[in-house]
Amino acid sequence: MTLSFSQLSLSPSLERAVAEMGYENMTPIQAQAIPVVLQGRDVMGAAQTGTGKTAAFTLPLLQRMMKHDNTSTSPARHPVRALVLLPTRELADQVAEQVKLYAKYTNLRSTVVFGGMDMKPQTAELKKGVEVLVATPGRLLDHIEAKNCVLNQVEYVVLDEADRMLDIGFLPDLQRILSFLPKQRTTLLFSATFSTEIKRLANSYLQDPVTIEVARSNATASTVEQHFYRVEDDDKRGVLKQILRERGLKQAFVFVNSKLGCARLARSLEREGLNTTALHGDKSQDERLKALEAFKSGAVDLLVCTDVAARGLDIKDVPAVFNFDIPFNAEDYVHRIGRTGRAGASGLAVSFVSGRDTRLMGDLEKLLGKKLELEALELEADKRPAGHFNDGQRAWQQPETAREERDIRESRGSRGSRPEREARAPSSRPVRAPRAPADPLFDKPYEPSLAAEATPSWEAAQKPASRLSPNIKTRKKVPALFKSAPVAPVTPVTDNS
């Protein structure tokens, strides 16, 4: 049974914001999680990417905090009451944007803090007072140590993409942050999988949680059309462009396994005339945000990215996802193709499989529980010139020009006194490289030299050797201008005493 947001009895300000965003019916994770959170229970939820997790925890938290809604300008009246922790900067920025949209008709304040940006603007926002704080663990600890925020009145904590936070190594930071919070609070944990580490984390910090699992971690959306093409590495770019052209795709994600490969592929596609940008871990925060905005606005057609950089990106209506490289981790395949075919829309997922991907494909088949058939795709002939070649008689030429001149030479050579050339195939004619002009100096036979001259001309032309060092300059003789006066002799003084 499909539930609508009108059945939740939300406050008029929240209902108005939800209606403006065009949401009517709840997704499965929202239908199960929102009523539980409204009751104040802890939740441990698992749902695939793009199922509406953000609204599943944002709307009930805002509804419960409406009792603190006030118009006061005093920062003391706006302490942090809800803390949302996320693993990446991009995801934190997107969740913060969603929170602002849902709370736009309330007086509840919100802000976001993450690394890679100047702390001063973030500090200014925190000093004003905010009820909802969205943050990455590292930057939040920076503000806590700088005493820019106080968390002693936090009532709700959300750990979103918790499995990714553990993979990145945020567990020590999470433990420190949670130690600053009140013991009595509501904790919500969302993860793509319920691994052993996630269950251990939930047992440590959640109190009698309600477990919600909408879809298995290896489930893929049924609205996504999946294709696996056998393509060698050198042909992947050509096949990518061909599929984009044949399908008439306007935008797409292109996933690669390394930051270096991401940057190289983006540059190569850009040189070939495709509006492309790269998104990987070596990009600065400003560059990442600009790339995302360009893709959302349609200024960029292809977003080439790595798994870490793209984890949690919430970009709607992406028609296709290309796995330029088969992911090393089979579960990343599910996360990748989960970015298309959302909200019931159709999507396309294309994977390029080379000869070295046998083991990775085996892991993927085990995860998905089915045999994956590889399709053959005929690559269109390249319409560009095949290159240059040397015909052995001229400098490097374009193929067509060289072929025409060769035909003319062959037709001329078939006339006259050598009719046997007509029977000889052109391909059988030996091709000789052009010979360099003869040099008489080297072709001249050896001749013995005449008797040596007494003094060779080259030796006679030399200046006579000097015995003085070249660093010693001779003093020039200067004529005397004045005659020196005679000096009187000095008479010695004797002691007569």
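A Cβ is built for glycine as well, from the same backbone N, Cα and C atoms used for every other residue.
Curation plays no part in TrEMBL annotations; they are all automatic predictions.
Checking TrEMBL for motif 'Q motif' across the ranges 3-31, 32-60, 235-263, 322-350 points to 3-31. With a cut-off of 8 Å between Cβ atoms, the residues of this chain six or more beyond the domain 'DEAD-box RNA helicase Q' (3-31) that come close are 38, 45, 47, 51-53, 55-56, 59, 62-63, 66, 101-106, 212, 214-215. Across the motif 'Q motif' (3-31), DSSP helix (H, G, I), strand (E, B) and coil residues number 17 helix, 2 strand, 10 coil.
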